[in-house]
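Over in Swiss-Prot, the protein carries these features:
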type     : residues    : note
DISULFID : CYS3-CYS22  : disulfide bond
DISULFID : CYS15-CYS43 : disulfide bond
DISULFID : CYS28-CYS32 : disulfide bond
DISULFID : CYS47-CYS58 : disulfide bond
DISULFID : CYS59-CYS64 : disulfide bond
Amino acid sequence: TKCYKTGDRIISEACPPGQDLCYMKTWCDVFCGTRGRVIELGCTATCPTVKPHEQITCCSTDNCNPHPKMKQ
């Protein structure tokens, strides 16, 4: 599976063996009012457990986790 990953910039990379799901996790930090929600993209073996005030979306096809600003 290939997923978008966050870092210095958003890139699409092949996931490590055993990590066949892509995810997008969003949450608010102290800058949420001015910058919006923090967005983390990556690969995972299982969909992470949602903690309070987080939103997590998991999917299983190549590059199915684009940053919201990348969507057409």
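Any Cβ shown, glycine's included, is placed from N, Cα and C.
Bear in mind that the values here come from a model prediction, so they are computed numbers and not experimental data.
Annotated features, which come from Swiss-Prot, shown on the structure.
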{"residue": "CYS3", "record": "disulfide bond", "contacts (Cβ under 8 Å, 6+ apart)": "SER12, GLU13, CYS15, CYS22, TYR23, LEU41, GLY42, CYS43, ASP62, ASN63, CYS64, ASN65"}
{"residue": "CYS28", "record": "disulfide bond", "contacts (Cβ under 8 Å, 6+ apart)": "ARG37, VAL38, HIS53"}
{"residue": "CYS32", "record": "disulfide bond", "contacts (Cβ under 8 Å, 6+ apart)": "VAL38"}
{"residue": "CYS47", "record": "disulfide bond", "contacts (Cβ under 8 Å, 6+ apart)": "LEU21, TYR23, ILE56, CYS58"}
{"residue": "CYS59", "record": "disulfide bond", "contacts (Cβ under 8 Å, 6+ apart)": "LEU21, CYS22, TYR23, ASN65"}
In three-state DSSP terms, the structure that CYS32 (disulfide bond) belongs to: helix
Least Cβ-crowded entry, counting other Cβ within 10 Å, from the disulfide-bonded residues listed as CYS22, CYS43: CYS43
